[in-house]
């Protein structure tokens, strides 16, 4: 009789111990699942709130200035549209209320008053140094000038694409370009860039590394120069550092909230450096009118079709057409 009672008590104790072990195991498993879920949630939240490119730094100004980087799509009551145009447009129109008139016309196309901004620039070369593209959608009007074809092409290549750039210390290092998307971009009040290609013994190819006058000039007295050299070859670079900066840049892809409208000219400018690629891009357009009123009327008429080939901005743009990302 006592043996049966002892056995019952023993089974009861073993059951309690086993149940306690099971409960602890379940608790540990639940803790693991909960912690993993929280970790994944936090990681996904971080990825959706910030991009993984690092800090965004402007092409002009101090490299110590940090700008907010974000891929979050802010909720706007309305999209903003910026029109950039040469000052000759307002001079030719000669009407103090012309912007208000155009705003009323944009209203008929679904753009509320106050959502369209008109920004004037003095010249293509000056605009190329500090484009300042502020809006969700940015339309840059460039009047065709045969003498400025290369400047227009370089500016279009600059603002229609997104670039990943790093500073270059040309006094200490040689540099080489790794591929077609790799370019050196120099900007300033006056940029003269000379290069000396080097062989495997770091001796100049057709130039003397100790004689700057023997270097090959690839840009002279320009405000914006996108320099392309032979890939895979080290180069010694000479630059007017007092009036110009140079960066080692890689083209990441299109900046789809920017479009260029060429006013005049027989064909849309080719902005590609590679002669084997198709130069056409949907965001490089042309209108062929002599009067600026007609140009703006055409833009108002086709604004929604133009915007359809663009994408709303995913990050704030300030101080320059693109960011250096380090």
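Using the three backbone atoms N, Cα and C, a Cβ is placed for every residue, glycine included.
Under the heading signal peptide, Swiss-Prot lists 1-50.
Feature annotation from Swiss-Prot assigns N-linked glycosylation site to 69 (among others).
There are 21 other CB atoms within 10 A of the CB of residue 135 (disulfide bond), with all protein chains counted. If you look up Swiss-Prot, you'll see 82-135 (among others) marked as disulfide bond, on the strength of sequence analysis.
For residue 216 (Ca(2+) 1 binding site), the Cβ neighbour count at a 10 Å cut-off comes to 16, with all displayed protein chains included. Per Swiss-Prot, Ca(2+) 1 binding site is recorded for 95, 206, 214, 216, and the stated evidence type is sequence analysis.
Within 10 Å of the C-beta of residue 165 (disulfide bond) there are 21 other C-beta atoms, taking all protein chains into account. Residues annotated as disulfide bond in Swiss-Prot, with sequence analysis given as evidence: 165-249 (among others).
In the three-state DSSP scheme, residue 231 (Ca(2+) 2 binding site) falls into the coil class. Annotation comment: Swiss-Prot describes 177, 228, 229, 231, 301 as Ca(2+) 2 binding site.
Counted within 10 Å of its Cβ, the other Cβ atoms near residue 244 (disulfide bond) come to 21, all protein chains included. What Swiss-Prot lists as disulfide bond is 191-244 (among others).
What Swiss-Prot records for 196-207 (among others) is disulfide bond, and it gives sequence analysis as the kind of evidence. All chains included, 20 other C-beta atoms sit within 10 angstroms of the C-beta of residue 207 (disulfide bond).
Positions annotated as N-linked glycosylation site by Swiss-Prot, on the basis of sequence analysis: 238 (among others). Residues within less than 8 Å, Cβ to Cβ, of residue 238 (N-linked glycosylation site) and separated from it by at least 6 positions along the same chain comprise 170, 193, 194, 195, 196, 212, 215. In this structure, residue 238 (N-linked glycosylation site) is part of a beta strand by DSSP.
The shortest Cα-Cα distance from residue 301 (Ca(2+) 2 binding site) to any of the recorded positions (95, 165, 214) is found for 95.
Between the CA atoms of residue 216 (Ca(2+) 1 binding site) and residue 165 (disulfide bond) there is a gap of 24 Å. Spatially close to residue 231 (Ca(2+) 2 binding site) yet at least six residues away along the chain are 176, 177, 178, 179, 180, 182, judged by Cβ distances under 8 angstroms. Checking each of the binding-site residues (95, 214, 228, 229) against residue 207 (disulfide bond), the C-alpha distance stays within 10 Å for 214.
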